[in-house]
Amino acid sequence: MASGSRWRPTPPPLLLLLLLALAARADGLEFGGGPGQWARYARWAGAASSGELSFSLRTNATRALLLYLDDGGDCDFLELLLVDGRLRLRFTLSCAEPATLQLDTPVADDRWHMVLLTRDARRTALAVDGEARAAEVRSKRREMQVASDLFVGGIPPDVRLSALTLSTVKYEPPFRGLLANLKLGERPPALLGSQGLRGATADPLCAPARNPCANGGLCTVLAPGEVGCDCSHTGFGGKFCSEEEHPMEGPAHLTLNSEVGSLLFSEGGAGRGGAGDVHQPTKGKEEFVATFKGNEFFCYDLSHNPIQSSTDEITLAFRTLQRNGLMLHTGKSADYVNLSLKSGAVWLVINLGSGAFEALVEPVNGKFNDNAWHDVRVTRNLRQHAGIGHAMVNKLHYLVTISVDGILTTTGYTQEDYTMLGSDDFFYIGGSPNTADLPGSPVSNNFMGCLKDVVYKNNDFKLELSRLAKEGDPKMKLQGDLSFRCEDVAALDPVTFESPEAFVALPRWSAKRTGSISLDFRTTEPNGLLLFSQGRRAGGGAGSHSSAQRADYFAMELLDGHLYLLLDMGSGGIKLRASSRKVNDGEWCHVDFQRDGRKGSISVNSRSTPFLATGDSEILDLESELYLGGLPEGGRVDLPLPPEVWTAALRAGYVGCVRDLFIDGRSRDLRGLAEAQGAVGVAPFCSRETLKQCASAPCRNGGVCREGWNRFICDCIGTGFLGRVCEREATVLSYDGSMYMKIMLPNAMHTEAEDVSLRFMSQRAYGLMMATTSRESADTLRLELDGGQMKLTVNLDCLRVGCAPSKGPETLFAGHKLNDNEWHTVRVVRRGKSLQLSVDNVTVEGQMAGAHMRLEFHNIETGIMTERRFISVVPSNFIGHLSGLVFNGQPYMDQCKDGDITYCELNARFGLRAIVADPVTFKSRSSYLALATLQAYASMHLFFQFKTTAPDGLLLFNSGNGNDFIVIELVKGYIHYVFDLGNGPSLMKGNSDKPVNDNQWHNVVVSRDPGNVHTLKIDSRTVTQHSNGARNLDLKGELYIGGLSKNMFSNLPKLVASRDGFQGCLASVDLNGRLPDLIADALHRIGQVERGCDGPSTTCTEESCANQGVCLQQWDGFTCDCTMTSYGGPVCNDPGTTYIFGKGGALITYTWPPNDRPSTRMDRLAVGFSTHQRSAVLVRVDSASGLGDYLQLHIDQGTVGVIFNVGTDDITIDEPNAIVSDGKYHVVRFTRSGGNATLQVDSWPVNERYPAGNFDNERLAIARQRIPYRLGRVVDEWLLDKGRQLTIFNSQAAIKIGGRDQGRPFQGQVSGLYYNGLKVLALAAESDPNVRTEGHLRLVGEGPSVLLSAETTATTLLADMATTIMETTTTMATTTTRRGRSPTLRDSTTQNTDDLLVASAECPSDDEDLEECEPSTGGELILPIITEDSLDPPPVATRSPFVPPPPTFYPFLTGVGATQDTLPPPAARRPPSGGPCQAERDDSDCEEPIEASGFASGEVFDSSLPPTDDEDFYTTFPLVTDRTTLLSPRKPAPRPNLRTDGATGAPGVLFAPSAPAPNLPAGKMNHRDPLQPLLENPPLGPGAPTSFEPRRPPPLRPGVTSAPGFPHLPTANPTGPGERGPPGAVEVIRESSSTTGMVVGIVAAAALCILILLYAMYKYRNRDEGSYQVDQSRNYISNSAQSNGAVVKEKAPAAPKTPSKAKKNKDKEYYV
């Protein structure tokens, strides 16, 4: 329909008068644009060869049909449309390609426009106002064949689609507006008929042939299809001027009639204008009209005056747009008369006890439901019939005649045996309480339209039923809101269900004992749920099979093009195919369902099929709404759907058109219901597009397009994509044999039909891909790899439900050699007993035995089958990749990833990841394992991965009976496979393109099929060999992995070259589908065989750390800083702790303890996520109540942005170029330093934000003018610190993840969140008491530990919190500690040695007008004394993690300084397993961490730079790695599969506290024993050190740092796992009310420093230049030629012992 309201012209008054006069003079018509509107003019003969058509129009419609003509459905047509407010002409001749003309002049502007259409043979021209264009058709014929009338503004509904050349024209929106001066050449055409128009000639009802006005009344059109008569000058009254001014009283309703039989009724019936013509009433006659809208009817009670007649007449007139409806019925049982409208034709059914007589009357063109008046007359007379044959001669029969409009006549004869029509029931007019139950009724719904002058006469009396109803006769009962005038009754508009998700909910259907439903539908799609309703279960659990717990249900569904009826009244269901042929042919199909108790019938296109429900129940108890077209998405899981309704389980909603829905004879306005419910995907019209939807190739990425109903359907199976057009990449999950995904459904599911599809890629020949499992039965549908084939197992636990026994699980096999590490597609289709298994479009079919078809399941599992209670053989775990799992329309993998469902559990990894499962290291050639005998008698499938630098070595050996054996070995860098099946040894060599001892992982597949074909595959290179003779490999003894004992090598067969074992790593070992744990399952383990695999590389390279992790070079290895990557693990390749935020939102809140809230000048935030949302809040950090500081990371319009406020205005930074709402994984990195900020998304360039101006200097300059001189310095310092608060994030109170509290909840994955040393997601996974979770959350797998690794503590935790401020206020003898600020690196760089005033961060006001701010613990100013650190560089300049220089200055610094308070809190501590530090804190082996201060830089600091202000320094250097922590050495507890390559080296000045660290005064120098370098490798946690990402365009490479080789210098050793403090380092300033002791201490410390420096200089100048002390225990490096992938040295040197407490004062060393 064209948009807009009803057309209302609004021209100026004078112009309006002129135009109205013009329109009246030119017979102008007003088109209302309503449904069913049309105008029909005489044929335009000039269109054949040459002619003109012109008219004027005025409209505001943008799309509508103006003109149409054609040749009657063959080839030629001409169509003039309004499209986008402009005229478009299409025409063709002789089936040529249609020509199209589109004019540019807009005409939908409420102005008058002149249109001229000119035909000239093959050429047609169109002109509007001053614009004209022409087009020509390239056809064989010159003339256009014109057979139709000229249609204007719409197509009459009686014109069939088959009679239209261009069928789509019937569904174009009708024209809305004014049309005048229509001429064909110079003459106006004759208007043959119209509907829905206003104007002088809008309706032929006023034409002389049909003028209803009598006695000279003036006919006028009052409304579409309704006329009125002006009787003012006729002397008559009434609606049609047929009544005298003083009419006589009407006769009694029951009058005797002396006229009988043949005197009253002629054989042919009265024609138009005869006695029966209601449109030509006699003088004094009044018409009686009533309007019926589907729920109204009236009935006359005949119980007191029963009918016994032999001659009858029924007359009435009707007007309707409806195709079906009951007009009149009387009688019951064997005597009845029924007159109905069915499919637009008049049906008559008469039964006098001797069998029904049926008559059908149809018009030649169109239908009777054309909203025009039609007269019906039915007569029954006694006649003598001279029939053919002896039995019919001279017999009396009753002649039945039915005529419509006096022209169309049908006759027939009834038998003479029953001559009387007897009825003592009711005369129903317009409907009945239950039309479907009336005997002989061909329809089940009531009439909708107008009925006029319904009269019944027989030889005894006359019943004027319409008059009696209007006058309210006591024997006449009225039902519904009857209106006794003819009103327009809109046709029941059809609706179109445009997608399978669309549906309309109808009120609950109360049809306990009887009920009827009729409707029309049309579609081209083979499957879909038409109707569904069900009751509640009779008790018991959802998982029970007991028939006592069945729920009643009623459904109609399309399956494979056939219509099925499904009905269950609680005692057994029936499933009946109601159509003998397919009904998805695109034509209208009429369905009529009627039920009475257990009996009933369903009729499809007048072909009826009876049914009888099983069981004894006759009550259909439905509780739910009656759903039309489909089911609501939200209720599909929670609603226990009956398994017999296959389309419900398959989520196959109906797509197509539905019209004329009647329930129990009452109409349902589908369009109104859809609009009231806001039904998505339900359109208020029905049209069938002729263009092929797939012609434009809409499916992307290789999707297969299929035609649907006015839509295309993209089959994305096998493409790796999902979505309507296969536009969205499907989620990939990686499995390593210990990983799974499990969908735990809220309720037990019972299905009889399943559609399953997925893609897989694996190198193993065995492994479970998908299985449905039940907690209560052995039911399963399982897909697994079995010997390189796809195996489908379907087991329906028939014994449990007591059904007829079956032969057990059904199995199907398809495909071969599917373990080729390529993507394959598998699909399973089950429909009851029928099975189909397809692999890469190759289909295998099977048929299940037994009558039981119901599959029960609670879970859908992938990777590992965890529900094992009812299976005897557990399938092997899967190693490989799965993608695109769709089970009955649900893409569970993607729903799980996106958080659309909350009932999934998984630890498999998202993304296509390299898989190395359960690696072990053979550290020497003499190491090996022995397992149980390899079972490889008839066939064999072996798979493993290896990595080594050794060119030779025995990988696998198993001997056997006789000469049988198998060997896999590495010879000169190539794999050899040697075997003997009894025919002598054979050798197969791998054909890899280069030696495989390159320290990279390689895949090896060795297989032998039952046909004795041997296959050796190295990575992607395959060698095959067929051996004749013996086919069985009879092995015995132990299977040796990695080597043999020395004395066995000499006894190996001659083709075996190995004389030594394998040195390197093995992983993912698969022995014929069995995944052994090489260490746990070993019968013997000889030598050094350990879990995990560490490569020989000990130096940083660009590939050392993945995902932009930063490589940190250590003394004997390297570590990776993963904090800003969202990943973890030794090389930043393991996913961080991941939570899935589901629908409805969720929230994770970390709350700092009130006394432990940090205030920061710098913040660092990194997080990974994936989502499809375009607006959400990811992370928000808030300050304490009243302060108003915050930081928020959010998604807006699909892009990432950050907004923060640290005391001034809101500051924003975003990345508008990176769209993150695409469902892919993205990593966001944000840093803040004061008001400066950087933001980076993935590998996009870093966005930087620097605020303009320096507010501090301007404020100080203004303030000094009003401050007394004597207070100037103190207030200057106070103001400076006050201004500094505008760059400090004060008193951080909580971190909130998920945005639920902000009203913008996030849905999707969040992974590896890192903020200022905190890993909140990991804390949440460990149930930290400071973390609270709420909403729909699910943890993916097992989250890594929140405790940072040893290396991380040294450089990450303290570096991130270097600017954390602790505010301390001291008054007299009382000390109160609050979150405040301490001197930092910047303080030590200023040249001002005056006392520093520390202002409270808790003061909520950043007042710039010098208002007094009173801290909570007092208002006095505390002036601490701070000792300055020297700016001179240390003697040894070490390299720190790369920090990008700021734009202005090239040199940069790395500040080093920390205290013990920077460590995580004791609540977060995790005791080390077997660690040495379990004793008391004063134990000599459990040293406290030592603070290290100073500068370390990769560049020499230029001391000539001008001194910088405190604020200016941080503005210039926004990214600074501030400090590191030195700890006492300790032996770590071993952890498998973790890199243990050493510790961070960071030499610097050492300060040893003489008291516990919390009491260490700022600047005080203490002494401690120097730390020895660690010889043992410290344990690594899941985290890694932090480093800021360098600012450079993508792609970003990991930063590489290195450490100088000074083994004798003290090394910064990482924190052990047992030593943890609060998350975030804190500097503590101790202040005193008296400064005397501080001054004395400073002087003494300075003197001591000078003495030490002089002594060191003296020793330096007098040292022996040719002698160096070197710690040989640390001075070694691996020789790659002598090492392999696992071993650096055969034996590590012993660690030097830590100096004992007795030697501390003796062996002290000091470094400055």
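Including glycine, each Cβ sits where the backbone N, Cα and C put it.
All protein chains shown were included, and the count of other CB atoms within 10 Å of the CB of Asp335 (Ca(2+) 1 binding site) stands at 21. For Asp335, Leu352, Met420, the entry in Swiss-Prot reads Ca(2+) 1 binding site, with the evidence type similarity to another entry.
Taken from Swiss-Prot, the feature disulfide bond applies to Cys206-Cys219 (among others).
Under DSSP, Cys229 (disulfide bond) is assigned to a strand (E or B) in the three-state scheme. The disulfide bond annotation in Swiss-Prot covers Cys213-Cys229 (among others).
All chains included, 22 other C-beta atoms sit within 10 angstroms of the C-beta of Cys241 (disulfide bond). Summarising the annotation, Swiss-Prot assigns disulfide bond to Cys231-Cys241 (among others).
The Cβ of Cys450 (disulfide bond) lies under 8 Å from the Cβ of Val289, Ala290, Thr291, Phe292, Phe318, Arg319, Thr320, Cys486, Glu487, Val489, each on the same chain and at least six residues away in sequence. The disulfide bond annotation in Swiss-Prot covers Cys450-Cys486 (among others), and the record cites sequence analysis as its basis.
The disulfide bond feature in Swiss-Prot is assigned to Cys657-Cys686 (among others). Sequence-distant contacts of Cys686 (disulfide bond), defined by Cβ-Cβ distance under 8 angstroms and a gap of at least six in the same chain, are Tyr171, Pro494, Val495, Thr496, Arg522, Cys657, Arg659. For the recorded site, Cys686 (disulfide bond), the DSSP three-state label reads coil.
Among the features that Swiss-Prot reports, disulfide bond is placed at Cys694-Cys705 (among others). The Cβ of Cys694 (disulfide bond) has Cys705, Arg706, Glu707, Phe712 as same-chain neighbours under 8 Å, each 6 or more residues away in sequence. The DSSP secondary structure for Cys694 (disulfide bond) is helix.
Positions annotated as disulfide bond by Swiss-Prot: Cys699-Cys714 (among others). According to DSSP, Cys714 (disulfide bond) sits within a strand segment.
The annotation disulfide bond is assigned in Swiss-Prot to Cys716-Cys726 (among others). Under the DSSP three-state reduction, Cys726 (disulfide bond) is assigned to coil, being neither helix nor strand.
Residues annotated as disulfide bond in Swiss-Prot: Cys1065-Cys1093 (among others). Its own atom aside, the Cβ of Cys1093 (disulfide bond) has 22 Cβ atoms within 10 angstroms in the protein chains shown.
If you draw a 10 Å sphere around the CB of Cys1111 (disulfide bond), it holds 29 other CB atoms from the protein chains shown. DSSP assigns Cys1111 (disulfide bond) to a strand in the three-state reduction. According to Swiss-Prot, the disulfide bond annotation covers Cys1100-Cys1111 (among others), on the basis of sequence analysis.
If you look up Swiss-Prot, you'll see Cys1105-Cys1120 (among others) marked as disulfide bond, on the strength of sequence analysis.
The DSSP secondary structure for Cys1132 (disulfide bond) is coil. Here Swiss-Prot flags Cys1122-Cys1132 (among others) as disulfide bond.
According to Swiss-Prot, the feature domain 'Laminin G-like 1' maps to 29-206, an assignment based on sequence analysis.
Taking the domain 'Laminin G-like 3' (493-686) as a whole, pLDDT averages 86 in the prediction. What Swiss-Prot lists as domain 'Laminin G-like 3' is 493-686.
Annotated domain 'Laminin G-like 4' per Swiss-Prot: 732-904, in sequence order, evidence recorded as sequence analysis.
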Proximal but sequence-remote residues of the same chain as Cys726 (disulfide bond) (Cβ under 8 Å, at least 6 apart): Cys699, Arg700, Asn701, Gly702, Gly703, Cys714, Cys716, Thr719
Feature contact check the domain 'Laminin G-like 4' (732-904) with the domain 'Laminin G-like 6' (1137-1345), CB under 8 Å, 3 or more pairs: yes
Cα separation, Leu352 (Ca(2+) 1 binding site) to Cys1093 (disulfide bond) (Å, whole number): 97
Nearest of the disulfide-bonded residues (Cys241, Cys1065, Cys1100, Cys1132) to Cys213 (disulfide bond) - Cα to Cα: Cys241
Those disulfide-bonded residues listed as Cys1105, Cys1122, and which of them has the most Cβ atoms within 10 Å of its own Cβ: Cys1122
Other CB atoms, at most 10 A from the CB of Cys699 (disulfide bond): 23
When distances run from the Cα of Asp335 (Ca(2+) 1 binding site) to each of the disulfide-bonded residues Cys241, Cys1100, Cys1105, Cys1111, the nearest one: Cys241
Pairwise CA distance, Cys1111 (disulfide bond) versus Cys1065 (disulfide bond), rounded so that it is a whole Å: 24
Which recorded positions sit within 10 Å of Cys241 (disulfide bond) - Cα, from Leu352, Cys1120, Cys1132: none
Candidate with sparsest Cβ neighbourhood (10 Å radius) among Cys229, Cys657, Cys716, Cys1132, the listed disulfide-bonded residues: Cys657
Nearest of the recorded positions (Cys229, Leu352, Cys1065, Cys1100, Cys1105) to Cys1122 (disulfide bond) - Cα to Cα: Cys1105
Cys1120 (disulfide bond) and Cys1065 (disulfide bond), distance between Cα atoms, whole Å: 22
